[in-house]
Structures are given as structure tokens and as C-alpha cells.
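Engineer: My structure is below; once you've seen it, I'll send some questions.
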């Protein structure tokens, strides 16, 4: 497994792979890898000749400096996991390598609408940071496919739109959420939970599933469903942050023509902001 930290070396390797006619898959990450990331790697390996995993804690997508400062940096452990998975190349640049003149004056990519709604409304600048770094990685790695987790549902929708709008010749693969046996979606943020909070955490998925059951049973008073769900979360020990029921294909309000709904839930548990989602077919 090759570990590359600089842009010139990455470009050199990508040129070589292209000359050899290899099909390249990219898995963008911020490190602190868990089994959910490994599922992305496995999907990439099944679809391509060469797998490139990027590990970069992107300062542009953090709206709170304290969150950036405390995000775990576990490069050595991450590389050991990826080596066992027989990943071909790890791109682990420094912030200086990606943003040589800092982030304030760096050219950015913005996806109107999707970047400022829902999660974007509560995290200003977050999705602009995501679309900027992902587009830069696409330009550097020139992958044939790129794999993203469906846990970050809005992020996946945003990247799909960016790829379509910008004309990137890249297949975007959404990989289903990987869950612990008790239903909790795997996430790097789970590491912020205490042992006691970890016992409470599966309650998020239970509330999510309860909303899904109501929708499948034909209930359509969304305001009431959301209000009850928020109360249930708070009673379980969470601080409900945002609960939305949207059209799964547009992320707009559910309408009579909507065929699928996506339930998007975000809640605080201690210092961890947990997110999850579930898609429901509407009769």
C-alpha cells in the first residue's frame, strides 16, 4: 500500500494508473476509520481495479473551531486498517498541501439550495466546505467511481447534484448505512459517547423507526409526528436538534406527488451530535 502526502506525487501515480488503463475508485474520508468506512472500501474494491482512500480532516467544513480541534487524528491506525483491506493508495495530505494560502481566500465550490437547507441551515458553510474538498479530490484523483455513505443523506444528494452540474464523469455510489447490532448507525462521532450514553444511543434509531412505521401506516400529519418524535428523544435523554420528513428524491417538502420520503433526524447526546435517516415508500 502506497501512502502519499503531496500533490505532485499523487498526480504522478494517477498518470501511471491512467496509462495502465486501470479503473480507479475513490473513497474520501476524514480518517478515524470504523467498519462503516471499511464497507465503503469493500464496495470500491468490488467495482474497480485500484482503490484510493483519502484521509483529510477538512477545516473548511467545520463551522465550530472546537469541533475541528478535537476531531480524532488516527492516521497510523487508519493506515493499518486499510493495509489489511489491501487498499492500493492512501492520500493523506496536510492542510498546507490542500490550502497553501489558507481557507479564507481559497476558491470554493457551492451548490445552491442544497448547501443551505436542512443540515446546512444549522451548520453555515459546512456543505460549501464539503463540495470544495470533494471537487478538489475528484480533480486530483480523477476516479471512475466514488463511494459515499448514505448516512450523510444530504451530503450524498449534494455531491450527486454537483457532479451532474459540473459535468464530472464519475459514477457516485451510495453505500447503505452500517449499524451496530442494537441499531446505532456507525459514526466517528460515536467515539465521543460515554459508556452510559452509548447505552442510550440506540434510542435514536428506535424513534426513527417509529416515525417510519407511522408513515407506512398512512399517517400524514407530519407536524404532529415530528413533535411527538422530538418529545420521545428528549425523554430518552437526547436533546432533539432537528427532525425533518422530506421528499427523498428532491429533499423538498413532502407533497401529494412524493413517492418516497426520507426521515432525517439529528440529536445531541452529551457532546456528540448524532444523525441518522431512513427512507420510506409512500403508498
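Here the Cβ of each residue, glycine as well, is placed from N, Cα and C on the backbone.
Sharing the features that Swiss-Prot gives for it:
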- 37: active site, proton donor (ACT_SITE)
- 30-37, 149-152, 186-189: ATP binding site (BINDING)
- 61, 155: (R)-pantoate binding site (BINDING)
- 61: beta-alanine binding site (BINDING)
Engineer: Reduced to three states, what secondary structure does DSSP give residue 151 (ATP binding site)?
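Structural biologist: In the DSSP reduction, residue 151 (ATP binding site) maps to coil.
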Engineer: Relative to the Cα of residue 188 (ATP binding site), which of the recorded positions 37, 61, 155 has the closest Cα?
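Structural biologist: Smallest Cα separation from residue 188 (ATP binding site) among 37, 61, 155: 37.
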Engineer: What does DSSP call residue 34 (ATP binding site) in the simple three-state scheme?
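Structural biologist: Coil, per DSSP.
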Engineer: If I restrict to non-local contacts, at least six residues apart, and a C-beta distance under 8 angstroms, what lies near residue 34 (ATP binding site) in its own chain?
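Structural biologist: Expected: 186, 187, 188, 190.
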Engineer: Rank aside, I only need the closest one: which of the binding-site residues 30, 61, 149, 155 has its C-alpha nearest to that of the residue listed as 'active site, proton donor'?
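Structural biologist: That would be 149, nearest by Cα distance.
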Engineer: Show which residues of the chain containing residue 36 (ATP binding site), separated from it by at least 6 in sequence, have their CB under 8 Å from its CB.
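Structural biologist: Set apart from residue 36 (ATP binding site) by at least 6 residues yet with Cβ under 8 Å, we have 149, 151, 177, 178, 185, 186, 187.
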Engineer: If you count CB neighbours within 10 Å, which one among the binding-site residues 155, 188 has the smallest count?
Structural biologist: 188
Engineer: Could you state the CA-to-CA distance between residue 155 ((R)-pantoate binding site) and residue 32 (ATP binding site) to the nearest Å?
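Structural biologist: Cα of residue 155 ((R)-pantoate binding site) to Cα of residue 32 (ATP binding site) measures 19 Å after rounding.
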Engineer: Using the structure shown, find which entry in 32, 61 (the binding-site residues) has the sparsest Cβ neighbourhood within 10 Å.
Structural biologist: 32
